[in-house]
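Listed in Swiss-Prot:
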- GLU138: active site, proton acceptor (ACT_SITE)
- CYS397: active site, S-methylcysteine intermediate (ACT_SITE)
- GLY223, GLU224, SER255, SER277, LEU278, HIS279, ASN354: S-adenosyl-L-methionine binding site (BINDING)
- 9-26: compositional bias 'Basic and acidic residues' (COMPBIAS)
- CYS151-CYS397: disulfide bond (DISULFID)
- 1-26: region 'Disordered' (REGION)
Amino acid sequence: MATASLDTARPERRAGSDPFIEKTPEVRPEAMVATGRPSLVGLTRGALRERLAAIGVPEREQRMRTGQLWHWINVRGAASFEAMTNVGKGLKAQLEEAYTLDRPEVVSEQVSRDGTRKWLLRMPPTGRHDHNRGAEIECVYIPANDRGTLCVSSQVGCTLTCSFCHTGTQRLVRNLSAQEITAQLVVARDRLGDWPGQVPPKGTFVPVDGSRFVSNIVFMGMGEPLYNVDNVVDAVGVMSDNEGLGLSRRRITVSTSGVVPQFERLGIDANAMLAISLHAVRDDLRDELVPLNRKYPIRTLLEACRNYPGVSNARRITFEYVMLKGVNDSDSEARELVRLLKGIPAKINLIPFNPWPGSRYECSDWERIERFSEIVFNAGYASPVRTPRGRDILAACGQLKSETEKLRARARLMLEDGIGAEGVYGAVDDD
């Protein structure tokens, strides 16, 4: 099976007119720029080698020097070039003059009663579409006894307008680059003390089994990953590199609302686990909950799942099903779900609906959720009920929305026009 390419070259994209994709400016890997110098954190090997070539490192040395920097950035978590003890002073000076090891800015950190952490991250500005301020995204760390899961974002905002999802109320600003996606993992390891020789901050909830604090990645944050598939594939490649960040691809899950044409690309080039935001068993209801269903209806979606590269009993597809009171939680819908998934190696994650300001839905009663789970389980499918985590800090499934989008309407309009941007950002609402 092919592995993810770490080169910066891309196959030619075919022009399309998908009505669900809002065209946005491309963001190059050098997007993380601070004080006029691009950061090297989060780059692919190919991009890192290009940066060395750009400052005059001889071609015969580039492979070796790339390996050195790769190790310091992705294994040791170096925050300065000075820390790189096996890199010569001359090269250090060149690197310091041209580049940084900056991470995205941590604007805020919220810690839930259950130990979940949510970070609001600000990326350096990449152009006028970022309003000369830098886009903001959220990522979430969810600790458990046997794992630590980081939920990462792939876009700033989202185009899909799923009616039960808070992120769907935030318009799409742009795709995140592969570098910006990977940098979320680097920031999490910084904040958790998850690099060699470090210890977590006092009071931090982390796995107790001796594993890495961040052991799993889920692309379940802001955005539709498969509308940014090139950068997601590259980010998975960097995250799973055995000589770097070192996460197992079987511990990296990409969740999609059903962008069917990109399933094969994801399965072959990223070899990641697949999760489907299903949430309904009838097209008329899914059209309302997940409007993308009008383009790729349930039958088309499930056929693509049956053909997903590498799917097997050992690599099951996860189907996510949010439990909405009186909407999709009946016994008959549980039985229809079982019928639809027949022949697909699968497990079903039942997700109690997480409320957010302005939502018109309610969470199913606990007894109803248990009954739904029982029907699915008795039919032979694992049907765990996802424990809500981080609800008190709006960090749970479907609750993410970057703080920029919580600006008062007038302030946001001023920002979009480039008027008084610095002053406007003091007007962020706390809700």
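Just so you know, glycine gets a Cβ as well, placed from its N, Cα and C.
The residue listed as 'active site, proton acceptor' has CYS151 nearby among the recorded positions CYS151, SER255, HIS279, ASN354, counting only those with a Cα within 10 angstroms of its own Cα. You'll find the Cα of LEU278 (S-adenosyl-L-methionine binding site) roughly 19 Å from the Cα of CYS151 (disulfide bond). Residues GLY223, GLU224, SER255, SER277, LEU278, HIS279, ASN354, recorded as binding S-adenosyl-L-methionine, reach a greatest CA to CA spacing of 19 Å. Looking at GLY223 (S-adenosyl-L-methionine binding site) and CYS151 (disulfide bond), their Cα atoms lie 12 Å from each other. Ranked by CA distance from CYS151 (disulfide bond), the binding-site residues GLU224, SER255, HIS279, ASN354 have SER255 at the top as the closest. SER255 (S-adenosyl-L-methionine binding site) counts 22 other C-beta atoms within 10 Å of its own C-beta, drawing on all protein chains shown. Local packing around the Cβ, expressed as the count of other Cβ atoms within 10 angstroms, is greatest for SER277 among the binding-site residues SER277, ASN354.
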